[in-house]
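**Student:** Can you read through this structure? Questions will come right after.
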Amino acid sequence: MAQEQTKRTGGGDEDEGSAGPEAAGQERREKLAEDTDDLLDEIDDVLEENAEDFVRAYVQKGGQ
């Protein structure tokens, strides 16, 4: 005997209206994640090139 599987999604007519804000929110999260990754990569590059200067400047500004 073969069993048939069905996939249910959403609530019918409301799919188009509710997908808009969720899709926009997802795009915003992806953009923020991408921006954060870019910033962290930039920080890594600076630290690789002149970590000593970075640490010295940080300590002079009151860091511990």
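Every residue gets a Cβ built from N, Cα and C, even glycine.
Summarising the annotation, Swiss-Prot assigns compositional bias 'Basic and acidic residues' to 1-11, 25-34. Annotation comment: Swiss-Prot describes 1-38 as region 'Disordered'. The region 'ARC ATPase binding' annotation in Swiss-Prot covers 21-58, and the record cites sequence analysis as its basis. Feature annotation from Swiss-Prot assigns coiled coil to 24-52. Taken from Swiss-Prot, the feature deamidated glutamine applies to Gln64.
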**Student:** Grab the pLDDT values for the coiled coil (24-52) and give me their mean, rounded.
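**Tutor:** Averaging the confidence scores along the coiled coil (24-52) gives 91.
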**Student:** Within the compositional bias 'Basic and acidic residues' (25-34), count helix residues (DSSP H, G, I), strand residues (E, B) and coil residues, in that order.
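**Tutor:** Reading the DSSP string over the compositional bias 'Basic and acidic residues' (25-34) gives 10 helix, 0 strand, 0 coil.
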**Student:** Which residue counts does DSSP yield for the region 'ARC ATPase binding' (21-58) in the helix, strand and coil classes, in that order?
**Tutor:** 38 helix, 0 strand, 0 coil
